[in-house]
Amino acid sequence: MGMRMMFTVFLLVVLATTVVSSTSGRREFRGRNAAAKASDLVSLTDKKRGCCSDPRCNYDHPEICG
């Protein structure tokens, strides 16, 4: 194998390693983001139940009750 061929193989290995490591990190981040959004929705639903039934809270926080 010549030097040019060895260098090309080296670059391909580096590129493949970079692509695999960057895409696996994105999946984990997307999963955490989705979990955080779901948690926010659950807490908002709990606030809605308690606040919307109370007229004073409903008046003070119209953004929750809509």
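Here the Cβ of each residue, glycine as well, is placed from N, Cα and C on the backbone.
Range with Swiss-Prot annotation region 'Key region for inhibition of alpha-9-alpha-10/CHRNA9-CHRNA10 nAChR', chosen from 30-34, 35-39, 40-44, 60-64, is 60-64. Swiss-Prot names the disulfide partner of CYS65 among CYS52, CYS57 as CYS52.
Summarised by DSSP class, the composition of the region 'Key region for inhibition of alpha-9-alpha-10/CHRNA9-CHRNA10 nAChR' (60-64) is 4 helix, 0 strand, 1 coil. Comparing CYS65 (disulfide bond) with PRO55 (4-hydroxyproline), their Cα atoms are 11 Å apart once rounded.
Averaged across the region 'Key region for inhibition of alpha-9-alpha-10/CHRNA9-CHRNA10 nAChR' (60-64), pLDDT in this predicted model comes to 76.
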